[in-house]
Structure formats: structure tokens, C-alpha cells
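Some features that Swiss-Prot has for this protein:
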TRANSMEM  11-31  transmembrane segment
TRANSMEM  77-97  transmembrane segment
TRANSMEM  106-126  transmembrane segment
TRANSMEM  131-151  transmembrane segment
TRANSMEM  166-186  transmembrane segment
TRANSMEM  208-228  transmembrane segment
TRANSMEM  255-275  transmembrane segment
TRANSMEM  279-299  transmembrane segment
TRANSMEM  304-324  transmembrane segment
TRANSMEM  332-352  transmembrane segment
TRANSMEM  404-424  transmembrane segment
TRANSMEM  462-482  transmembrane segment
Amino acid sequence: MPSELPNFIPAVPEMFVLFMALVILLAGVFIKKRHQIPYYLTQITLILVAGLTWYIFTYSDFAETSFTFHHMFVLDRFSVYLKLFIYLSVFFAFIYAREYNDERKIPHTEFYVLGLLSMLGMVALVSSSNLLTVFLGLELLSLPTYAMVALYRNKTRSVEAGMKYFVIGAIASGMLLYGMSMIFGATQSLDLTEIAKAVSATPLHQNLILVFGLVFIVAGVAFKLGTAPFHMWVPDVYEGAPSSVTLFISTAPKIAAYAMIIRLLILGMPALHVQWHQMLIVVAILSMGIGNFAAIVQSNIKRMLAYSSIAHMGYMLLGVLCGTRNGYAAAMFYTITYSLMSLGAFGMVVLMSRGGFEAENINDFAGLNSRNPWLAFMMMLILFSLAGVPPLVGFIAKVGVLDALIQVHLVWLAVLAVLFAIVGAYYYIRVVKVMYFESAPPQLKPIRCSLEMKIAISLNGLAVLFIGIFPGWLYALSHLAF
């Protein structure tokens, strides 16, 4: 019996990204003198694929949720919204990275091609409805980033960070795959919808292999998210990688990892909510505690922001573990806004790193207000937002998660989260103090950057303020996704 051909239209944007990645790779080989062409081709690709994704979802004849490739790929509101934010995040990451990479002679074509391929893994992961596509998307996301971390071949720390990232990433993938194999063995299916039905129909005491599989899946996901106690790679990789790569891996992949949690736990195993709820509580508390307390003692701003990301992913998990639509939407809002804030923070680190100078220490930001008041103001907005100061978006995101916790009577966890947030505010305010109340060392060069970079960092900083004052549209979007 001949098999029915899959409908390729829902996956056309992903195919377009793959095609353009190959075109840009060839362009980089044959047009070596005009080294900016790969950059502009990449940015045009991101604009076109965002428009194509929105057009296919909005104006095609599909229902609100459509499956293709034998139920392995799904196009729904959740996937479309997250894809658009991934495209936006990568677009800004490439703007910030261009001058930094050119100054350090980091291979530009390879950087953009690997970035696009990693982004292809992210969007494939977001649209996964099968354990096979979840794993393939995750590996396509991860493998290019291992190479990107080690791209700065003249820097030993970069190569070392790439090796660490690869080895620990391989362990995480192995754990995740082992967990998936147990789930497949217990349910006889790779389809997440079918797995959910099989898990609901099976009394847990008759099939303990499901719980073992769940433990390995949660551990693998925690590794990929960089949450405690599986966080050991995060500070070393963030510090050792070129700042342009740190910027990339600290933003869009977090959105894709959030989507992986939703697909695996919410779509695939809702009947095991009690079990994964308890695991996520432990992971979230450890992440908030270790992340915030370890960040306090850091003098390297990239390590500080790395520990900060561990804490923020802990806050995001608080929304997921609520097990309610409101909690999932709050976690989605938190992930998107954290990605925006992280873009701005690492964007400033990249912007300050000029002429072979690496702005990696907190003291390198000393006197920034006297050197460039506008950039200091943008950095202050971003840092205060990360700290959760009203009326910035970081405050709104934290309030959303706390509200979701209180609604499910987890008041003790909400109080704990507030206490950790107070601890976390210290290390952000310390950077602001250095920028505004300490004088700049005389040897520091003037801050010069392109108009494109200034516009990007200004939009980034003002977006943090604007969404904080008018969060309703993004909250509505997050609720619509569920």
C-alpha cells in the first residue's frame, strides 16, 4: 500500500532556512573579498523566514493546529509565537556579533552558517510532536553551538570551553535518549500524544519504568537548560567562549529549551504531573539558590551573568511546575523577556569589547556614565530589569510567576523565590554602582560602535522599559499559545 506524501507547507520556513544556510556557505567560499555579504544574507534570511512563518500560519487553509510528516511536526500558535521570538533574538544577536567577530578575525561565514543551523534545530524542536523530532531538533541545536564556542582558535580558553560544552552536552543527550527509550519501552510509541494516552491509561504502580524514564528526561532537560545541579558547564562555557557566541547561546536556545519542557512534560506526560512537579521544585530551588549566591562573589561579568542565567531558569521552572495554563503562560512570558534582557546585557559586553580589549571584568564598566551616559542608562535599565525592579519587564515577569504559584497554593515557594530575588538584586546593583559612582581608568579607550549597534542596543533597552509598562499584549500572546 503506497504511503501518503506528507504536506510540506507547514515546514517550508525550516526548509528555506536550510537552503539559505547552504547558499551563505557557498557565498562565503566564492566571495571572500566582500566579507559582509554573508552577514546581510543572513539577516535578510531571518526577516524573510519570520514573514513566511507568520504568513503560512495566518493565511493558509490549515486549522489552528496542523500536523505533518506522519504526526512528527506540528504547527500551532505555541510553535509560531516562539519561532518568531527565536528569529528576533538571533537577528539581534548577529547585529551585536558582527563588529566583534570582524575585529578578532573569527570566521564570519562559519559563524553565521552555524548560527542558522543551530536556529534550525531550535525551530524544529519547538515544532516537535514526537520523541524522535525532539531529539533530532535538540542535536541540531547543540552540535553547531559546540563548534561556535571553539571558533576563536587563537584563544585557548575558547577551545577548552568548546570541549567542555561538547563532552557535557553529549552526557546530557545520552541521559535524555536513555529516558526516551524507557518511555518508548513502556508506551510502545514515540508520538507525544499517544504517549500521553498510554501513560494516562496505565496505573503507575504497574509500570515504574515510566518514572525512571521521567527522571532521566528531567535530568537531560536540566542539563540543556543549565539549571542546578546540572549547571557546572554554564559559567566555564560562558566565560571561555567568545562574547559574541556567549550572547548567542544565552538567548534563543533558552526559548527552545522551554519549548522542549512543554512538549515533553505537558504534552507528553501530563498524567505524571505529581512526579515531575516534585522534581522541578527541587531543580528550581537549587537553581535559584546556587545561581544567586554564586553570582555575588564573581568579578568576571560573564561568569556573573552565567550564574544569573541559572537562577533565572529556576524562576522559569516555577511557572512550569504549577501545572496550570496560567503557569505555563507566565513561564513563556518569563523566558521571552529573559532572552530580551540577556541579549541586552551580553550585547553591552560585546559593545564594550573593542580593539582587542575584552570587557569581561565588572571593573571594566567603571565610569561608563561619564564616558557614554546613554549606553550607561541602557545597561542600567537592563540590569535593573534582571534584578526585578519595577516598572521594568523583569519585575512583571517575576510577578506573573509568583501569581501562578499562589494560585496553586504554593505560597511557601513564592516566598522563597522573593527572598532569592532580593539576594540576586545585590550583584546587579553592584555593576550599576561601578558604572555610575566609580571613575574610569585613564587607559580605557573611547567607546566607538556603528550606528546599527547603537540603534540595536537602544531598542533593546527601551523594549525592556516599554514591555514593563505595557505588558498586556505579550501576556495575552503567552495565554493564546495555550
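Backbone N, Cα and C define each Cβ position, glycine as well.
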For the transmembrane segment (462-482), out of 131-151, 279-299, 332-352, 404-424, most C-beta pairs under 8 A are with 332-352
Same-chain Cβ contacts of the transmembrane segment (208-228) under 8 Å, 6 or more residues past its ends?
138, 142, 168-169, 171-173, 175-183, 185-187, 199, 202, 234, 254, 257, 260-261, 264-265, 269, 272, 275-276, 279-280, 283-284, 286-287, 289-291, 309-310, 313-314, 317
Could you tell me whether the transmembrane segment (255-275) and the transmembrane segment (131-151) are in contact, taking contact to mean 3+ Cβ pairs under 8 Å with a sequence separation of 6 or more?
yes
Under 8 angstroms, Cβ to Cβ: which one of 279-299, 304-324, 332-352 has the largest number of such pairs with the transmembrane segment (404-424)?
304-324
Restricting to the same chain and to residues at least six past its boundaries, which positions have a Cβ under 8 Å from a Cβ of the transmembrane segment (332-352)?
82, 85, 89, 92-93, 96-97, 100, 243-244, 246-247, 250-252, 254-255, 258, 301-302, 305, 309, 312, 315-316, 319, 359-360, 364-365, 368, 375, 378-379, 381-383, 385-386, 393-394, 396-398, 400-401, 447, 449, 453, 456-457, 460-461, 463-464, 467, 471, 474-475, 478, 481
May I ask which of the stretches 166-186, 255-275, 279-299, 304-324 has the most CB pairs under 8 A with the transmembrane segment (106-126)?
255-275
